[in-house]
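First comes the structure, then the notes that go with it.
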Amino acid sequence: MAARPAPLATRAAANGTCQSRVEPFGYKCEEHTVTTADGYILSLQRIPGRRGSGQSAAAGNKIPVLLQHGLLMDGVTWLMNSPNESLGYILADGGYDVWIANTRGTVYSRGHTTLSSSDPTYWDWSWDELASNDLSAVVQYVYAQSGQQRLHYVGHSLGTLIAFAAFSQRQQLGMLRSAGLLSPIAYLNKVASPLALAGADTFLAEALYWLGLDEFDPTGEPVHKLVTDICSQPGINCYNMMSVFTGDNCCLDNSSVQVFLAHEPQASATKNMVHLAQMIRRGTLAKYDYGNAADNTKHYGQATPPAYDVSAIPDDFPLFLSYGGRDTLSDPQDVSHLLQVLKSHDGDKLTVQYLEDYAHADFVMAGNARERVYAPLLAFFKLQEK
């Protein structure tokens, strides 16, 4: 497994997402930024109209859709296939006002009002802050920009976890119509991914943290070395890195994989990886554990991290969940646990789709996801718009 060239800095100097992935296909595209309460400057892309329409963002009062990518990814997640196959373009052609979020630490969201991304303090966050700060800042911004139109939310993987965390605390729900959650993650104790499991079992992220590596950059030498060590363990074959991490994806075509390799993986905070490893080892859905009662009490006013209660999501808030039988990160057993917690949800407000042959990346990269996932998702959206 050779280290991949083109570190973040050189890729950052290249064209932005609008120029590289949207405008070449004949769509209008706008670059926006939004600043979080804790000073992170996030990039957002907006596709305001259909392909070749020449419509400006002011045209009509279209319903906005916010797309939120997963772990070690960025907004290109939604644009990796052709316009007929990628959700970002399909929504724009379907008459929606499309907004694509990019989490802090990713290549176009590395700005901060006071900190440099080379400052360890810049990386002092986990998905707790993505739920409480990034998601709220972006939702509020899109809501304001679109004339206070309530929006649909679509998350993949970590993008679903931060939604569950925010919604369980009743955040942002007044600005949202519904949420489509692909490869939903709330519980991780049945994760079957050999790479994720080995990383949690060997305390990979904690090791990096103890070494003083605050930024988890999969293309950097320290992470590469540790992953190589894991891949040399008996029973773990890292020949196909994506499969060993996400499960055996059924339906990826080579062109989307090439786009993926040109843009991903992205960096995250090592603290975020530690938080996810805590979930895998403990089966909990709770805030970050600082490892001792004194530090937890300092942050939370109690000795143990507060839990997120998914059952507190209002029973009448429309949810669409789609999960796959081969997904080793959003494992079907963990999704069953989640559905059990949501069992009091109003039957007509919860749509659940199970695709036996899909794994984790299929939901955003499969050549047939338009028919299998996105058409049912758009039909679900239409029901919530009546």
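Cβ coordinates are placed from backbone N, Cα and C, and glycine is handled just like the others.
Curation plays no part in TrEMBL annotations; they are all automatic predictions.
As the structure is a computational prediction, the values presented were derived from the model and not from experiment.
The Cβ of S157 (active site, nucleophile) has 26 neighbouring Cβ atoms from other residues within 10 Å, across all protein chains displayed. Look at TrEMBL and you will find S157 tagged as active site, nucleophile.
According to TrEMBL, the active site, charge relay system annotation covers D327 (among others).
Feature annotation from TrEMBL assigns active site, charge relay system to H360 (among others). Residues within less than 8 Å, Cβ to Cβ, of H360 (active site, charge relay system) and separated from it by at least 6 positions along the same chain comprise S157, S183, F245, T246, G247, N249, G324, D327, T328, L329, S330.
Annotation comment: TrEMBL describes 22-81 as domain 'Partial AB-hydrolase lipase'.
Per-residue confidence over the domain 'Serine aminopeptidase S33' (85-213) averages out at a pLDDT of 94. Among the features that TrEMBL reports, domain 'Serine aminopeptidase S33' is placed at 85-213.
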